[in-house]
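*Asks:* The annotation heme b b562 binding site is assigned in Swiss-Prot to His83, His182 on the grounds of similarity to another entry. Annotated heme b b566 binding site per Swiss-Prot: His97, His196, in sequence order. Taken from Swiss-Prot, the feature ubiquinone binding site covers His201, and the record attributes it to similarity to another entry. The transmembrane segment annotation in Swiss-Prot covers 33-53, 77-98, 113-133, 178-198, 226-246, 288-308, 320-340, 347-367 and rests on similarity to another entry.
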Amino acid sequence: MTNIRKSHPLIKIINESFIDLPAPSNISAWWNFGSLLGACLILQILTGLFVAMHYTSDTTTAFSSVTHICRDVNYGWIIRYMHANGASMFFICLFMHIGRGMYYGSYSFMETWNIGIILLFTVMATAFMGYVLPWGQMSFWGATVITNLLSAVPYIGTNLVEWIWGGFSVDKATLTRFFAFHFILPFVISALAAVHLLFLHETGSNNPSGIPSDSDKIPFHPYYTIKDMLGLLIMFTALMTLVLFSPDLLGDPDNYTPANPLNTPPHIKPEWYFLFAYAILRSIPYKLGGVLALILSITILAIVPLLHTSNQRSMMFRPLSQCLFWLLAADLLTLTWIGGQPVEYPFIIIGQLASILYFLIILVLMPISGIIENHLLKW
């Protein structure tokens with residue numbers, strides 16, 4: 001009799017994806033982040049579902065409903081904070097996952113990489129709309145500032161903004177539609193993640209050396225299931241430490257003040273995971289230019305495969321490219337710091353220099369280093 005996991009139409013798919021999947025024998029802990037992202041997504045959908053049971057998407061009651069969740073609902077506080085800090089863990093894993101892809105040349109799997117970029121945009125949109133829902137000061141003003149960026153679109157900009165708002169300002173209609181989209185998008189993300197995996201399993205995983213590993217594959221289970229479980233344990237420990245000891249560490253104190261359209265906070269800023277893009281946006285004094293730079297800061301990932309000039313796929317044996325990669329990582333941390341600072345000297349100039357360096361490394365220095373390394377190998 002054939003084993004049911006190999007014959008049953010549905011179980012067979014799970015078997016080929018997570019059990020008998022041939023995986024390279026040398027993939028490191030950097031390959032754990034894919035499964036961690038899946039775990040984060042499941043956690044966010046579950047906690048979000050329970051939060052949504054008690055949340056009301058009305059401007060008069062939204063803030064009170066979040067307070068009610070934290071004070072009156074059984075374990076509401078832990079569900080709410082797991083959802084809020086779960087988003088931070090999601091983005092930490094996302095950035096690590098993308099960084100891994102850039103370092104080891106995983107972007108040469110073009111379909112997988114491009115679906116990943118679409119996933120990144122979708123997750124960012126979902127997180128932004130989720131930040132608006134508690135209807136605190138930073139929720140309201142963050143929504144106003146970010147949606148207003150669309151007014152930079154020539155000719156149709158103003159109409160576009162009012163269409164998204166559902167009125168002439170961020171109000172009840174905006175909050176209701178943001179809640180609707182915030183609820184539906186995680187399911188879209190789940191579908192995209194399935195397509196992402198589908199394309200990945202067409203080619204098989206990359207590995208740290210960047211060379212084909214078809215001659216040396218091992219089954220995913222038990223080797224990588226146990227490895228993923230360890231990663232999951234570490235991430236969950238970090239998340240629960242954050243939730244139970246300092247749940248508001250990554251939040252903004254202004255969001256504990258109910259939204260007031262008549263009172264602007266001294267410094268409007270998004271959540272920490274958007275600060276690098278926000279810093280790039282602010283570094284250009286011209287509105288349309290800033291918006292284009294903001295969009296380009298993410299879409300630039302799509303042209304990374306086209307800028308690959310090295311004869312080697314991975315950066316494992318390319319010290320010059322490694323230096324540039326870690327310089328880029330440091331630059332992104334600098335941009336994140338700058339995004340949270342007020343618009344004044346010396347932060348303005350630091351932000352502008354960091355923004356220039358960001359694009360310079362990806363568009364110019366990385367391709368040049370690849371060419372130099374090719375020549376060094378011939379010596």
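Any Cβ shown, glycine's included, is placed from N, Cα and C.
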*Asks:* Given the binding-site residues His97, His196, His201, which lie close to His182 (heme b b562 binding site), meaning Cα to Cα within 10 A?
*Replies:* none
*Asks:* Using a 10 Å radius around each Cβ and all protein chains in view, which of these binding-site residues has the most neighbours: His83, His201?
*Replies:* His83
*Asks:* Starting from the Cβ of His196 (heme b b566 binding site), draw a 10 Å sphere and report how many other Cβ atoms land inside it.
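*Replies:* 21, counting other Cβ atoms within 10 Å of His196 (heme b b566 binding site).
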*Asks:* Taking pairs 6 or more apart in sequence, does the count of Cβ pairs under 8 Å between the transmembrane segment (226-246) and the transmembrane segment (33-53) hit 3 or more?
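*Replies:* By the criterion, they touch.
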*Asks:* What stretch in 33-53, 113-133, 178-198, 288-308, 347-367 has the biggest tally of Cβ pairs under 8 Å against the transmembrane segment (77-98)?
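*Replies:* Maximum Cβ contact count belongs to 33-53.
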*Asks:* Taking pairs 6 or more apart in sequence, does the count of Cβ pairs under 8 Å between the transmembrane segment (113-133) and the transmembrane segment (347-367) hit 3 or more?
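*Replies:* No, these stretches are not in contact.
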*Asks:* Once the DSSP letters are reduced so that anything not helix or strand counts as coil, what is His201 (ubiquinone binding site)?
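*Replies:* It is helical.
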*Asks:* What number of additional C-beta atoms lies within 10 angstroms of the C-beta atom of His182 (heme b b562 binding site)?
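*Replies:* Its Cβ shell of radius 10 Å holds 21 other Cβ atoms.
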*Asks:* Near the Cβ of His97 (heme b b566 binding site), how many other Cβ atoms are there if near means within 10 Å?
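*Replies:* A count of 20.
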